[in-house]
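Visitor: Just dropping this structure here.
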Amino acid sequence: MSLEFTPEDFYKNATAKQERVFCFHAIMTTSTGIWLGDNPLMFSLPLLLFQIALIFIFTRISHSILRRLSIPIVISQIIAGILMGPSCMGRIKYVERILFSPRSWEQLNTISLLSFMLFLFLIGLKTDLSMIPKAGKKAFAIAICTSLFPFAIVILTGFLLRSSIPLRFKQRFLIVNIASSWSMTSYTVVSCVLADLNLLTSKLGRLAMSATLITEFTNLFITAVIGSYLLGSKGDSALMGVTSMAAFLGFMAFLVFVARPLTILAIKRTTPEGGMLDEVCFVGVILLAFVCGFVSELIGYHATMGPFMLGLMLPGGAPLGVTMVEKLERLVVGLFLPVFLASAGLRLDLWTLGDRVGEWMVLFFYLMIGISAKFVGGLMPCLYCRMPMRDCLAIGLMMISKGIYEIDSACRWQDNRIVDRQLFTVLVLAIVLVGGGSAPLVKHIYRPEDRFVAYKRRAIQFLKSNSELRILACIHGQEHVNGMLTLLDSAHPTALSPVCLYALRLTPLAGRAATLLAPYARHRTPFDAAAASDTDHIFNAFIQAEQLYTGCSILPYVCISPYASMHEDICSLALDKKVFLIIVPFHKHLAIDGSVSAPIPAIQAVNSAVLRFAPCSVAVLVNHGLAAESSAFRAGGIPHAAVYFFGGPDDREALAFGLRMAEDSSVGLTVVRFRLPNATMEGTEERLDERMMEDVRIRKADGSRVVYREEVVKDGEGTVGVIREISGRFSLLLVGRGDGQETELTSGLSIWSEFAELGIIGDLLASTDFGGRVSTLVVQQQRRVAGNGQPESVRMGKAVKSEVDEEDD
């Protein structure tokens, strides 16, 4: 019996036959506590809890530092394991003997593999299989080239350099295993990396996920066929191989024709519309995943295959996917999965690299050959399709991403003695190097927002008279409908001045990985309020409003996307439909009883991103009871609006929208211009402001329905006094967002600003503490216009200056 042995000895004993057997003293599950002389770390349960807590702390600290470099969380957790393992803290004998001794590895491995099973089940559940039939030729070409090309290159290189391959590599077919495993791109790895980088909804992100999903399915069936063939060729008869293949196909048939229909039926019978799964269904689905894992092991596959395939077959989204994510994902991904990844770092030992340097350098060489060939394989179809070079490089880097799949393969190879501890260390270091390097490069190279740059002016100020005004109205819930409909009415749609409204219903993504941006399918049957969803109710209101106007067309769209990338769908639709104005609701809403709803930070982040990247003008609606005077918005509308004009492009855009509203004879408009006592007309912006004001005074203002007035103030205090005095007379206030910089007119007001997306004056008007309950529309003119590489503000300023100069000439 030996009590002092290395982790390497333990793995030899645990994974090979006819080796020494090590004995431990009998270990109890729970201790009686330190007060009776027990050391809790010598008992299995306290030790396991302490290890999980320690791993959680180290992984969180590691990721909090490395995420600033855009390192994926999977890589951060592996690095945390390396720091706790024999490469660093494990060099201290007490730490290695007490905290991570071999006697505790069995329970750690069990917990980690169980969490890995559930993690893959969740990944499969969130996956949209419709990506495969929707995938174009480009996705299939990328899938083929990134799989076959690196496999062929590694095998060819191994054949040409076979004399330099170490004997133990040949005996264990290590080069063939490297070629087959590292040539495949895991859907799990790519989806996790893209989620970390907020690129799931991007064009290239969807392309990469489609290609990897094709690769995943193809690899599964090829592995089943080859495994059955080898099993039949090694056995006494071919019947064993045929039986193995039949078992695999039977298991797939069970998932498709039994597990999926029964689960869907149970959900329909027990789950109300829009509700979550009840406890019976929830536990039943989890139990079914465990059974699938057991059956996978039974028929000769890894236990993770069954739960992953079950997740793929079950419907994602609400209610199943949403319930699983809400109740299970945080526990699995946040607490238990780090144990699996950190365990890989605990297994390796950097100090072993000092021996047999030539051999492990050969392994590293073949790994880099495979990665390079895979990168080139991703570039080839993209270059053939004449994609931009930055997009080609981004696809290549996405397809070489490494992470949890490769860690699982490396751990299995060590358990099966295909690699020893030194080679396992090289494999994990290569995963950290490639996975930790490719993700930051993707984020640096690929910026989806770059395509949201218009090549023409998309602003109301530059819209020709009698041209169609295209508006994109963003709606998160039913509380935003009345305000948007009232603004539609105020835009004065007529046959001579039509309005096209794109009503976009925004829903946060939950329980699925694939996003959705598509037109709303209108119901052909009569509207049934009892059976309708929130989306149906919202769009039914817009469809009914469309009937009231002769010059209005309303096109409803549905967007299901994570909040982090929701602005990309909004900007993409605005760019494709050549929209002139995007209207987004403020993230705080005034209820009917006068109370202010709790702010939603995620919506605030979406609004800020839209303001930053929009290809047209943007307006933020702060609804303090707009259209509350009458339930029929057409009857009430906006009887009197005001524009507070301080100067600048945003104020000119707000004034342009106000003048559009004033074309309706039932709407009154007051233009209030704030000026300093000794204001001068120097500079391009001031000259443009004066020209627009002159147009209002001479052509628009009539002294009754359209009123122009000037307020001379000295500082911000005077501005606040005027606004406080006159704001209560109006139904809607329009103001430009501005650039956030204080002027003499707004001096001292920025220190009270709470919401940067509203600007200084907009934030003042939106505050209920200010004493007003008037709705406010904060407008920002288009900022992003394609040009010669200069900043948008500079390009627009030069263009406007040339227009002024030409007119003066």
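Cβ coordinates are placed from backbone N, Cα and C, and glycine is handled just like the others.
Feature list, courtesy of TrEMBL:
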- 56-434: domain 'Cation/H+ exchanger transmembrane' (DOMAIN)
- 500-628: domain 'Cation/H(+) antiporter central' (DOMAIN)
- 642-782: domain 'Cation/H(+) antiporter C-terminal' (DOMAIN)
- 787-809: region 'Disordered' (REGION)
- 21-37: transmembrane segment (TRANSMEM)
- 43-62: transmembrane segment (TRANSMEM)
- 107-127: transmembrane segment (TRANSMEM)
- 139-161: transmembrane segment (TRANSMEM)
- 173-195: transmembrane segment (TRANSMEM)
- 207-231: transmembrane segment (TRANSMEM)
- 237-259: transmembrane segment (TRANSMEM)
- 280-299: transmembrane segment (TRANSMEM)
- 331-348: transmembrane segment (TRANSMEM)
- 360-380: transmembrane segment (TRANSMEM)
- 423-442: transmembrane segment (TRANSMEM)
Visitor: At least three Cβ pairs under 8 Å linking the transmembrane segment (423-442) and the transmembrane segment (331-348), pairs spaced 6 or more in sequence?
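Guide: Touching, yes - the transmembrane segment (423-442) and the transmembrane segment (331-348) meet the threshold of 3 or more Cβ pairs under 8 Å.
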Visitor: What are the helix, strand and coil residue counts for the domain 'Cation/H(+) antiporter central' (500-628) according to DSSP?
Guide: 40 helix, 36 strand, 53 coil
Visitor: Counting by DSSP secondary structure, give me helix, strand and coil numbers for the domain 'Cation/H(+) antiporter C-terminal' (642-782).
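Guide: Summed over the domain 'Cation/H(+) antiporter C-terminal' (642-782), the classes give 65 helix, 30 strand, 46 coil.
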Visitor: List, by number or range, the same-chain residues at least 6 past the transmembrane segment (43-62) whose CB is under 8 A from its CB atoms?
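Guide: Sequence-remote neighbours of the transmembrane segment (43-62) are 27-31, 76-77, 79-81, 83-84, 99-100, 104, 107-108, 111, 335-336, 338-339, 341-342.
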Visitor: Which one, 107-127, 173-195, 280-299, 360-380, has the most C-beta pairs under 8 Å toward the transmembrane segment (139-161)?
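Guide: Most Cβ pairs under 8 Å with the transmembrane segment (139-161) come from 360-380.
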Visitor: Do any residues, 6 or more residues outside the transmembrane segment (360-380), come within under 8 Å Cβ-to-Cβ of it, and if so which ones?
Guide: 142, 145-150, 152-154, 157-158, 164-166, 169, 174-175, 178-179, 182-183, 185, 353, 392-393, 395-400, 422-423, 425-427, 430, 434
